[in-house]
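> Encoded as structure tokens, here's the structure I'll be asking about.
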Amino acid sequence: MPNTAMKKKVLLMGKSGSGKTSMRSIIFANYIARDTRRLGATIDVEHSHVRFLGNLVLNLWDCGGQDTFMENYFTSQRDNIFRNVEVLIYVFDVESRELEKDMHYYQSCLEAILQNSPDAKIFCLVHKMDLVQEDQRDLIFKEREEDLRRLSRPLECACFRTSIWDETLYKAWSSIVYQLIPNVQQLEMNLRNFAQIIEADEVLLFERATFLVISHYQCKEQRDVHRFEKISNIIKQFKLSCSKLAASFQSMEVRNSNFAAFIDIFTSNTYVMVVMSDPSIPSAATLINIRNARKHFEKLERVDGPKHSLLMR
């Protein structure tokens, strides 16, 4: 019997012009940053269903941020908007001149969430950080984060700095979708087993359409803590370039005297990246190991997937 889809309601909210639709279009609709300039303002609520990892469907509510719409969300549409929410993503324009009003609307959202979906996870994105002078970004973000955490009580919120012009958008959205994957701990355990079996330094699992990182394993600390989202951004751009040439991205191998890295189609919904610090291991051996693990990870993607882990045969 085929698995039924598991729908997760995600609210995307924030003042008009804060950049909600632009980031949604980049992550889920394959826009590049410069093309988002032609997007118009969202009218009321735009619904979209994004299939993610096969059975998981993100029911994304992109809520227009004009004052009239915002007031309606908290009055006549309150129950409809805020009922059965899994995740609230609130986007703040870091250069907004109406910060007090932004915070007021955010707190109104939290009150409605507490009443209708008290278990929802809250994410705050301090957006358009590219407009802030580089030497001021850490300080400004830290101040905003402290304010948002204080205003969010008794709820917890996770804060991210974001920009459509760099990899920070992928870091934030990878963290968000990670919270929505039902069997993520089982996935991570099997990814760790897989990495240890093939003697890999790192293994990353990317969602196939968005190239968001959904799981990873590393056996030792690496110098660049932002490398995952950088890879997401680079490969997503490369995939889009391939599409413009009527070609599809299949796989990639990068190798030098210190390491070998492989990116390959893994399951019907994922790509895998394997990093080996022993470049003497033949490429063919690693690619065979990836191929042999595919069937097992295909089963894991189902909500009712197997409870056993990947072990050496």
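Just so it is clear, glycine is given a Cβ too, placed from its N, Cα and C backbone atoms.
Feature list, courtesy of Swiss-Prot:
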BINDING   Ser16, Gly17, Gly19, Lys20, Thr21, Ser22, Thr36, Thr42, Gly65, His127, Ile164  GTP binding site
BINDING   Gly17, Ser18, Gly19, Lys20, Thr21, Ser22, Thr36, Thr42, His127, Asp130, Leu148, Ile164  GDP binding site
CROSSLNK  Lys142  ubiquitin cross-link
CROSSLNK  Lys220  ubiquitin cross-link
CROSSLNK  Lys230  ubiquitin cross-link
CROSSLNK  Lys244  ubiquitin cross-link
MOD_RES   Ser309  phosphoserine
> Could you measure between Ser16 (GTP binding site) and His127 (GDP binding site) for me? Cα positions, answer in whole angstrom.
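Here the two Cα atoms lie 13 Å apart.
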> Among all the protein chains here, how many other CB atoms are within 10 A of the CB of Lys220 (ubiquitin cross-link)?
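There are 7 of them.
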> What whole-number Å value do you get for the CA-CA distance of Gly65 (GTP binding site) and Gly17 (GDP binding site)?
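Counting only the Cα atoms, the answer is 8 Å.
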> Whole-number Å only: compute the distance from the Cα of Thr36 (GTP binding site) to the Cα of Lys230 (ubiquitin cross-link).
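Spelling it out, the Cα of Thr36 (GTP binding site) and the Cα of Lys230 (ubiquitin cross-link) are 20 Å apart.
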> Spatially, and counting Cα to Cα, which of the recorded positions is closest to Gly19 (GTP binding site)? Options: His127, Leu148, Lys220.
His127
> In whole Å, how far does the CA atom of Gly17 (GDP binding site) lie from that of Lys142 (ubiquitin cross-link)?
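So the alpha carbons of Gly17 (GDP binding site) and Lys142 (ubiquitin cross-link) sit roughly 23 Å from each other.
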> What's the CA to CA span in angstrom from Lys230 (ubiquitin cross-link) over to Ile164 (GTP binding site)?
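With distance taken Cα to Cα, Ile164 (GTP binding site) is 13 Å from Lys230 (ubiquitin cross-link).
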> In whole Å, how far does the CA atom of Ile164 (GTP binding site) lie from that of Lys142 (ubiquitin cross-link)?
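Just about 20 Å between their Cα atoms.
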> Can you tell which of Lys142, Lys244 has the most other C-beta atoms within 10 Å, given these are the recorded sites?
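Of Lys142, Lys244, the one with the most crowded Cβ is Lys142.
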> Cα of Leu148 (GDP binding site) to Cα of Lys142 (ubiquitin cross-link): how many Å, rounded?
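Roughly 10 Å, rounded to the nearest whole number.
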> Please report the number of other Cβ atoms within 10 Å of the Cβ of Gly65 (GTP binding site).
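Cβ-Cβ neighbours of Gly65 (GTP binding site) within 10 Å number 23.
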> Taking only same-chain residues 6+ apart in sequence, whose CB is under 8 Å from that of His127 (GDP binding site), what do you get?
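Those within reach of His127 (GDP binding site), by Cβ under 8 Å and sequence separation of 6 or more, are Gly14, Ser18, Gly19, Met23, Val91, Phe92, Asp93, Val94, Thr162, Ser163.
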> Measuring Cα to Cα, tell me the gap between Thr21 (GTP binding site) and Lys244 (ubiquitin cross-link) in whole angstrom.
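So the alpha carbons of Thr21 (GTP binding site) and Lys244 (ubiquitin cross-link) sit roughly 23 Å from each other.
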> Relative to the Cβ position of Ser16 (GTP binding site), how many further Cβ atoms are located within 10 Å?
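There are 15 such Cβ atoms around Ser16 (GTP binding site).
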> Determine, to the nearest whole angstrom, how far the Cα atom of Lys142 (ubiquitin cross-link) is from the Cα atom of Lys244 (ubiquitin cross-link).
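Checking the Cα atoms of Lys142 (ubiquitin cross-link) and Lys244 (ubiquitin cross-link) gives a distance of 40 Å.
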